[in-house]
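I am attaching a structure below and will ask some questions about it afterwards.
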Amino acid sequence: MIIVLLGAPGAGKGTQSVLVAEKYGLKHISTGDLLREEIANNTELGKQAKKLIDGGNLVPDEMILGLLKNAFLNRGKGVVLDGFPRTLSQAEMMHPIVKGLAEKLSAVINIKLSEDEITQRIVLRRQCKNCGNIFNLRFIKNFDGKCPKCGSTDIYQRADDNEESAKNRINVYHSQTEPVVGFYKNKTYYKEVDGSKNKEEVFEEISKFINRKK
């Protein structure tokens, strides 16, 4: 089974990807995590990627697709792709790779959210340094300064989680990622869900659709 989760920044792709992976026993794949792993392991690909990133350049699609191919080799029951493909060219390049696998593309789920909600979520997003948990103050009543997952007080806000950055990322989403939605929109395995609901409700809607497409 191969599941793709799309959506604007702050829509909850990461959260829902983890939940889907846990429920269906799938491998959670984030291209950002794959890149960071290659860089941390000082692989040849990691060295090339680091040089590009340090120079303020984007990592080319070919390099990302190479990472994805390697990740697919150890996919087990299947994968959840977290926020990938991000561009139309990535979607087009990924298509023949998926066609060559035994599993089919089971579901492409687009988490919809208004621009105001996206901005608020990005600004209120926090991460735990201890366990890596990402959470949102918007959904926590009477936040006590502790990570909801591990209880650590070592909480921080990522440097790019601010209003100006949110606007820039929304613009990039409209110009680069919305065409990906058009690529999949008329497929029977495409589904839009309302991301303004709480994560449990969103997950329930996603799960119902996946169950129908398994």
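From the backbone N, Cα and C atoms, a Cβ is placed for every residue, glycine too.
Pasting the relevant annotations from Swiss-Prot:
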- Gly10, Ala11, Gly12, Lys13, Gly14, Thr15, Arg125, Ile134, Phe135, Lys197: ATP binding site (BINDING)
- Thr31, Arg36, Asn57, Leu58, Val59, Gly83, Phe84, Pro85, Arg86, Gln90, Arg158, Arg169: AMP binding site (BINDING)
- Cys128, Cys131, Cys147, Cys150: Zn(2+) binding site (BINDING)
- 30-59: region 'NMP' (REGION)
- 124-161: region 'LID' (REGION)
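How buried are the listed features, and what sits near them?
There are 18 other CB atoms within 10 A of the CB of Phe135 (ATP binding site), with all protein chains counted.
In sequence order, Leu35, Ala49, Leu52, Ile53 constitute the residues six or more apart from Val59 (AMP binding site) in its chain with CB-CB distances below 8 Å.
Spatially close to Cys128 (Zn(2+) binding site) yet at least six residues away along the chain are Ile134, Phe135, Cys147, Lys149, Cys150, Ser152, Asp154, Ile155, judged by Cβ distances under 8 angstroms.
Broken down by DSSP into helix, strand and coil, the region 'NMP' (30-59) contains 21 helix, 0 strand, 9 coil.
Taking Cβ pairs closer than 8 Å, the region 'LID' (124-161) reaches residues 10, 14-15, 169, 198-199 in its own chain, all 6 or more past its ends.
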When you scan the chain for residues with a C-beta under 8 Å from the region 'NMP' (30-59), skipping those not six or more beyond its ends, what do you find?
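Result: 14, 17, 66-68, 71, 82-84.
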Which residue counts does DSSP give the region 'LID' (124-161) for helix, strand and coil?
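Secondary-structure composition of the region 'LID' (124-161): 3 helix, 9 strand, 26 coil.
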Measuring Cα to Cα, tell me the gap between Gly12 (ATP binding site) and Thr31 (AMP binding site) in whole angstrom.
16
Let me know the largest Cα to Cα distance in Å among the ATP-binding residues Gly10, Ala11, Gly12, Lys13, Gly14, Thr15, Arg125, Ile134, Phe135, Lys197, as an integer.
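18 Å is the greatest Cα spacing among the residues binding ATP.
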Looking at AMP and its recorded binding residues Thr31, Arg36, Asn57, Leu58, Val59, Gly83, Phe84, Pro85, Arg86, Gln90, Arg158, Arg169, figure out the farthest C-alpha pair and report it in angstrom, whole number.
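This binding site's residues have a maximal Cα-Cα distance of 27 Å.
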